[in-house]
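**Q** Handing you a structure now.
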Amino acid sequence: MIFLYVWKLQSCWLFYSFRASVLCFHLWGGSLGRGLASRSESELWTGPGCTTLSQLCPDGTRDYGPKQMAIRERAFNAIISCFKRHGAEVIDTPVFELKETLTGKYGEDSKLIYDLKDQGGELLSLRYDLTVPFARYLAMNKITNIKRYHIAKVYRRDNPAMTRGRYREFYQCDFDIAGQFDPMIPDAECLKIVHEILSDLQLGDFIIKVNDRRILDGMFAVCGVPDSKFRTICSSVDKLDKVPWEEVRSEMVGEKGLSPEAADRIGEYVQLHGGLDLIERLLQDPKLSQNKLAKEGLGDMKLLFEYLTLFGITEKISFDLSLARGLDYYTGVIFEAVLLHQENEHVEEAVSVGSVAGGGRYDGLVGMFDPKGRKVPCVGVSIGIERIFSILEQRLEASEEKIRTTETQVLVASAQKKLLEERLKLISELWDGGIKAEMLYKKNPKLLNQLQYCEDTGIPLVAIVGEQELKDGVVKLRIVATREEINVRRESLVEEIRIRTSQC
């Protein structure tokens, strides 16, 4: 039975709804003609100024429970291990920057930057990526040579697509090489890193698209695109992985004022993709071969493919003239990794989340922050961890694989009552010995409940203390999976647990 009392309080209506002895308060503005008496309690919690429990997280963000975090840690560990394997150091930068630091670096995407309210003289914005803060860091500290990785959250005022791993708050995992080196050697290593990470995470079949901003700019020039429209036309080309050429052409001509003839000439090029054979063909192209920028870019692309051949990864690399990457700071090689359409035995529909990594060369960005304009050549890659996590999470849920959310090696248990003190002594010895151990927070827990806890949480071992074990100076060690039990001398317990858990 619901008793509903209504009266007017200032300009709002305050409702008391009683159900099952639960008192719910609901503020509502406006008239009563909404059929409130027929609504459920969950519906009464919605309305102007009100938020349902499922909507308490800001749009484009989410919480991560223990199982989700366990999956994320797997991915992070694989990525960090790869970065360290390639000799990278780690840095960190503030989550917000001066607004002027970020302004003018992202082309049309600048509108997605989160500006912070002025709190006392400084105009600040949340970082949009980790690349611009890295360039600022290099210039400010006069660093001209470093190989670094940085894993941190960034923020974009984008339209979120949560199921596809697109958020407003998300992690980026960046690896960058800064310094003056021989052409294409660092660039090839960045592509090798992408190949290693995606192979290690076993996400399925993938392709890494590569192009060069110089080739794009040369192509625009020979196609008749005015210099002033290079960047805006580049942003249109960047949409070719999402929409068909006809829509991109329409945008170029109808919205950006490009001539139909120039758009058609661009269309002849941007639909080409291949490998060394395509590079050789374009080097002989009567138009591109006469453009200095395009010729330089194609020469470096040929060298890059030669290095990638030595790395043994060219079967996953595609030279794709439609790849543009809309960020303004790229100056040379650009690349993007995408998962190919795939079937999964556990999922009826293929998982599709778009690109999972991207990057390129940005030789002029550091100079923007240096008072004397001194440039530091840089190339780097960013791994799209959120999109990767979306795939891993969906697959693990579909496969019903049990995920361990702790790393506990052993549960300290007792077989009889009044042994709390002995359990506390033993678990302290294990902690001091570097063993990851737990115990139930009860004075006299039942042994069956303790064993069941291990089954539920995946703890592989149980160290059982009993009156007889205490007299004999041993601990009964139970292997949960096989239910085998052995007596271990107390002084040898730490080493025995280490040996047995290293085999798990």
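Residue numbers in this text run from 1 along the chain shown.
Just so it is clear, glycine is given a Cβ too, placed from its N, Cα and C backbone atoms.
Keep in mind that what you see is a predicted model, and the values were worked out from it rather than measured.
Pasting the feature list from TrEMBL:
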BINDING   Asp129, Leu130, Thr131, Arg156, Gln172, Asp176, Arg325, Tyr329, Tyr330  L-histidine binding site
**Q** Among the binding-site residues listed here (Thr131, Gln172), identify the one with the smallest other-Cβ count within 10 Å.
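**A** Fewest other Cβ atoms within 10 Å, among the binding-site residues Thr131, Gln172, is found for Gln172.
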**Q** So if I draw a 10 Å sphere around the Cβ of Arg325 (L-histidine binding site), how many other Cβ atoms end up inside it?
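**A** Result for Arg325 (L-histidine binding site): 23 other Cβ atoms within 10 Å.
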**Q** Let me know the largest Cα to Cα distance in Å among the L-histidine-binding residues Asp129, Leu130, Thr131, Arg156, Gln172, Asp176, Arg325, Tyr329, Tyr330, as an integer.
**A** 21
**Q** Indicate the candidate from Asp129, Tyr330 with the smallest number of other Cβ atoms within 10 Å of its Cβ, considering only these binding-site residues.
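**A** It is Asp129 that, of the binding-site residues Asp129, Tyr330, has the fewest other Cβ atoms within 10 Å.
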